[in-house]
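In what follows, a single structure is set out as structure tokens and then discussed.
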Amino acid sequence: MILHKTLVALPKRVPPNDSLVASSIVCHLLEQRVVGIFGPRAGPTSPLVQSMCDTKDIPHVETSWDTKQRRQDFLVNLHPHPSTLTRLYMDLVSAWGWKKFTLLYEDASGLVRLSSLLTMFDKKDNPVTLRQLATHKNHRQILRDMRHAGERNIILDCSIETLPEVLKQAQQVGLMTSDQSYIITSLDLHTIDLEPYQHGGTNITGLRMVDPNSTIVEMAVKRWADLELRKGKNLGISPQTLTVSMALIHDAVQLFAHALRRLDSRAVNMRPLDCESQDSWGHGASLINFMKDGQSMLRGLTGMVQFDNEGFRTNIMLDIMELSYKGLQRVGTWNSSGKLNITRLVPPTSVHDSESLHNRTFRVLTALSHPYGMLRESTVALKGNDQYEGFGIELIHELSLMLGFNYTFELQLDNVYGSYNNKTKQWTGMIQQLLKEEADLAITDLTITSDREAAVDFTTPFMSLGISILYKRPTEEAPDLFSFMAPLSTDVWICMFSVYMGVSILLWIMGRICPYEWNNPYPCIEEPEELENQFTLQNSLWFTIGSLMQQGSEIAPIAVSTRMVAGIWWFFTLIMVSSYTANLAAFLTVESTTSPFKNVRELANQNVIKYGAKIGGSTVNFFRDSADKMYRDMYKKMIEEPGVLASSNNEGLKWVKERNYAYFMESTSIQYITERDCEVAQVGELLDTKGYGIAMRKDSSYRNQLSSAVLKLQESGKLAKMKNRWWKEERGGGRCADNVSSGNPSPLNLLNVGGVFVVLLGGLVLSCFVALYELLCKVHETSRREKVPFLEELMAEFRFIARCHGSTKPIRKYNSQEKEDSPPTGEGTGPQNFVRMSIYGDTPYGFNTNMKVPLT
């Protein structure tokens, strides 16, 4: 009842592929003043009905799986969206660890529904096999081919009417053994008889949207049965045989009635509509909006009925069912937000082990040690496994998903992991609990040692580590007075000074060799007695230092050879100054830090800083049993020194921060602490290499299974992601990431800048040859002009150069008669306007360019 009105159903049967009949039926219903149309089931007629409902402003409600489910203004579909269920199947395949599987489907619509699964795996290495059921009822040949091909993981998609026959024939051909695993996509798996398959060991997983044990389902079924009995009919329906289709229709009617009740308060009139006219109802938009908004949310037989802003159903909760010898059992849940929660899982490989872990419950011992085991932060009181979290807790959970066991965590209250007491001949801590069979597994930062392995078994290490030193973070080092020299190494500075002196001396020598560097100091005197050279030793030193300092010296080389020396020197200084400046910036921006010690040897050789480890742990035993005398001496010192062996890592951390104390502990624990406490840091390299493992009693039959599962988690990268989460993200991780030093910059050495020295040397050698060539050319020219022997002139020049004294050079006098046709000096045009000096006063062009007008 809706206020003063009653909902009356007008059932009509529509042929699945006859659009003409469907449109005629819809028009007939509109004339009967309907306010909503339910159905038909997905097919070619569904879009036609939807289009007519949109035109007449009539809500259209669907309850079937539509592979082309669309968003329309007047459409509501209570069935989960196809993409939502596909995500569930993908999550199940991933959780089950299937590397490859077979997709067995009934028709093309099933293949469309599950098309996203085809993209999950690499086609080459992890193929997905597609097989379609036969169009007739005999599927044995297809199933037999699957058995011969060794296909074990199967996703079966077919109607609930076809499913019993498929399972029966699969059993007949030997495809329902303990080697096979099935995921059945039908949501009505609970309605068929599965008793013939309960004891065969086949892992059959199904989905359930309707919980037959819920009170709301039992009451609804009872009402239906009573109503039909009053009419003299017996439906024979029970909560166990209630299909999803029936439940969705019930929820759809309830949702429609709830929305119509809200709409009826506005005095809505219902009138007949003609398909030939342009009339529409006018209240359909309001009614459909009432169905979609949050106020119309109701708890139905299929769970909470809600819709998102696109009009698709949301917040869907499905049960994960698994067939056991007791029948279908719920082993987990999945919601549309993408969270899969499995409490028990049977992987395909577990049935081949000597003892399957399926349904087995382990007592897992853990300790409160961050981040391996911690109490969960919550505003409400938690009990059981829910009160713990951490890396070790998550690892056990992941292993339970892979191997199908259950677990209960127990806490080691004294936080003692276990060591052997030679006096009492007994083990302590967690190891003792395992030996007394008070626990089945132990997981925390429990190190695998030879002593412990003699008493208990360990899985493959799930984490590798070593002993290191926890100490106060190094303090900033005060800048050195000569820190400006740090960007270059000592060798480079020495080479820099050497090439500076070498280039300066070479420039001075080349200035004396090259004839074009000797000039008339007094241009007004036409026949000077001597010439002058600007490249004295002092000037050469000044020229090179000016270039190095990027400053001018007012000295300009004239000859080609001296200009080559200057050019190659400028190139050298450009590279060196740029390199120095760049590295200096790095030195200035990076803070230099200093620590009292850099490694364990320096720590052992001093007496100011105390050091210790956790009492009774594997770290202190490492020093005791080490073959290195230095480590044994350190152990003796730790034992004799009072107050250096901590009862826990937290106490050790406290001592490090409050005292002048260094604490030895596992590197993984140091990494966890330094991610959160910026006052401490790791010092030095690892002292050893070892691993953490899950401990269990000796000769446990499940050791290999647990070890294999740990290896799979490592290979898949799951363990690395878990470590990154618990070390760098949870509980304040990453707080000190910006404070981690990237290392001090290194000064540039000859390996970095040696190339520029080689280029400089090559340029200097080349310029020397050019200078000699210039000298020889000029001597040759003079000897021909003055008719003087070439060797005599050359030896005279070498004798003067070898004197290495003075910056002036007297002009040599020649006795040879001038040619009678030599042009006179004086006024004129062309080159004759310049006064001919001695051969040493000419410029590279043969004329004196240093002419100046004297002051009067």
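Note: Cβ is positioned from N, Cα and C throughout, glycine not excepted.
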Disulphide bridge to Cys736 as given by TrEMBL, partner from Cys678, Cys768, Cys777:
Cys678
Residue among Glu394, Glu398, Glu666 sharing the L-glutamate site, where TrEMBL lists Thr447, Arg452, Ser618, Thr619 as binders:
Glu666
Between Arg624 (site 'Interaction with the cone snail toxin Con-ikot-ikot') and Cys678 (disulfide bond), how far is it from one CA atom to the other, in Å?
31
With Cβ-Cβ distances below 8 Å as the criterion, list the same-chain residues six or more beyond the ends of the transmembrane segment (491-510) that contact it, or say none.
485, 517, 535-537, 539-541, 543-545, 548, 559, 561-562, 565-566, 569, 572, 576, 747-750, 753, 757, 760, 764, 767-768, 771, 801
Go through the chain and flag residues at least 6 beyond the ends of the transmembrane segment (568-590) whose CB is under 8 A from any CB in it; none is fine as an answer.
483-484, 486-488, 496, 499, 503, 544, 547-548, 550, 742, 744-745, 747-748, 752-753, 756-757, 759-760, 763-764, 767
Return only the integer: C-alpha distance in Å from Cys678 (disulfide bond) to Lys712 (site 'Interaction with the cone snail toxin Con-ikot-ikot').
35
By a Cβ-Cβ criterion of under 8 Å, what residues six or more beyond either terminus of the transmembrane segment (750-776) are in contact with it?
489, 491-492, 495, 499, 502-503, 506, 510, 513-516, 559-562, 564-565, 567-569, 571-572, 575-576, 579, 794, 797
For the disulfide-bonded residues listed (Cys678, Cys736), most other Cβ atoms within 10 Å of the Cβ sits at Cys736
For Lys712 (site 'Interaction with the cone snail toxin Con-ikot-ikot') and Cys736 (disulfide bond), the CA-to-CA distance in whole Å is 32
Most isolated by CB count within 10 A, of the recorded sites Arg624, Lys712, is Arg624
Can you tell me the mean pLDDT for the domain 'Ionotropic glutamate receptor C-terminal' (361-729)?
86
